[in-house]
Amino acid sequence: MGKPFTLSLSSLCLLLLSSACFAISSSKLNECQLNNLNALEPDHRVESEGGLIQTWNSQHPELKCAGVTVSKLTLNRNGLHLPSYSPYPRMIIIAQGKGALGVAIPGCPETFEEPQEQSNRRGSRSQKQQLQDSHQKIRHFNEGDVLVIPPGVPYWTYNTGDEPVVAISLLDTSNFNNQLDQTPRVFYLAGNPDIEYPETMQQQQQQKSHGGRKQGQHQQEEEEEGGSVLSGFSKHFLAQSFNTNEDIAEKLQSPDDERKQIVTVEGGLSVISPKWQEQQDEDEDEDEDDEDEQIPSHPPRRPSHGKREQDEDEDEDEDKPRPSRPSQGKREQDQDQDEDEDEDEDQPRKSREWRSKKTQPRRPRQEEPRERGCETRNGVEENICTLKLHENIARPSRADFYNPKAGRISTLNSLTLPALRQFQLSAQYVVLYKNGIYSPHWNLNANSVIYVTRGQGKVRVVNCQGNAVFDGELRRGQLLVVPQNFVVAEQAGEQGFEYIVFKTHHNAVTSYLKDVFRAIPSEVLAHSYNLRQSQVSELKYEGNWGPLVNPESQQGSPRVKVA
């Protein structure tokens, strides 16, 4: 009797487990059974002292299907977005402006440091005042740059220019790195941030209401505190943990800070950065040429920032070795050495306020393992710490497809930015000129999210049943989700059409319908579409060979330039 009962119980458990798995799988599949798609605009906004954050509701069926959500960050002049992190990777496209990005990667050394000589000249000051500052590498970005933030890694951004920085972020909430649910979460390390995703709070409140009121008083206090992650600890505990006093611990919690998650840095931000130092030196040289008066005894606290064209030229120089670079770490190391040589040439001319650690007589901590691989502890410095996290995608010289009368297309994937392989993301930048057409195509292995940065255009998306699930106009500031294998085509309006496409695969493959026609034998096409051979030849070989088309020039030269 015991054996049949055991078998029956095991069968029942297996049946229940299979049913549960099937229900979860069916629920996930049903999220993409969309009969129509909508152009989405931001649902929520958080205004801070130094800027604005707008978010899209992650519960939109289109976003749930793609497993992503989107946010838009606007940084005013001298605006600082406070350090935060999320349990999933984040891909950011800079639609406007320029600035600085700081990423605090665990286990990596602080390679930017104040010079030792500067501290020694302070003579009479106390030992605490002589301590020199140091931090991890700072990356600079310009319009058209794509930034990648690893999951769980704190980052901050700062506007170094005179115009607002506009950054669009894709949050890949369904990424395998996220071991939580797909509800968007942002963990702030500082400030008193407001709620960016109200749907997250609503779900938490529903869970609490189902769980009863066993911890009612504690939960109420928790809700009243809010703020950064440090606000969940007591002042006494923070003081003990960081070996400081409770006054500093209270400031870390920022209970009365009304600036929220973006603050304005009065007078500008001063950090250790070779690029900012070079720009400061250039500005000082201009002052020397313009004025015959004596140079002030101390440089300004915040160096002014160079012109956008200079930044783009520097970025373009970084991109040149892309087709045949030996390794990512070596390329950045060589680039840093070039910057150091430039700084050393200018050293006798004047003392510097800030310098990179690599210009000091003593060698940086991570440089010796690079020279002698046998002494490397675990290779972290070569793999994670030197990982390139940004690349410009909007520069015309980066175009993969180009038609002078229709537009251009640039692709960014793990082949051009290897870090994307770890995060399973890629991107495409499309610029369509007046009336230009991006012919029908689909993604073989990825969902995509279109965000319009300039202009407006007509977009049509067709599902597996041949129905147009979206047929309308997209304008600046709107986004549209295109599920995997859905066929999409775009045409620019009178003012052109410019947009970024986020894709949920590190090497997303796009199939163009025109290419498919050319890959199929003429006889197959003739019988499939009931065409004559002359019509098949016209279908396969007439018109543009690439995906970019201008209908007004179709009767002219059929050639299209491919970069």
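Glycine is no exception: its Cβ is also placed from the backbone N, Cα and C atoms.
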Fill in: Candidate ranges 174-186, 252-264, 551-563 [criterion: Swiss-Prot lists as motif 'Vacuolar targeting signal']
551-563
Worksheet item: What residue among Cys13, Cys21, Cys65 is stated in Swiss-Prot to be the disulfide partner of Cys32?
Response: Cys65
Fill in: Candidate with the highest Cβ count within 10 Å, taken from the disulfide-bonded residues Cys32, Cys65
Cys65
Worksheet item: So, in DSSP terms, is Cys32 (disulfide bond) helix, strand, or coil?
Response: coil
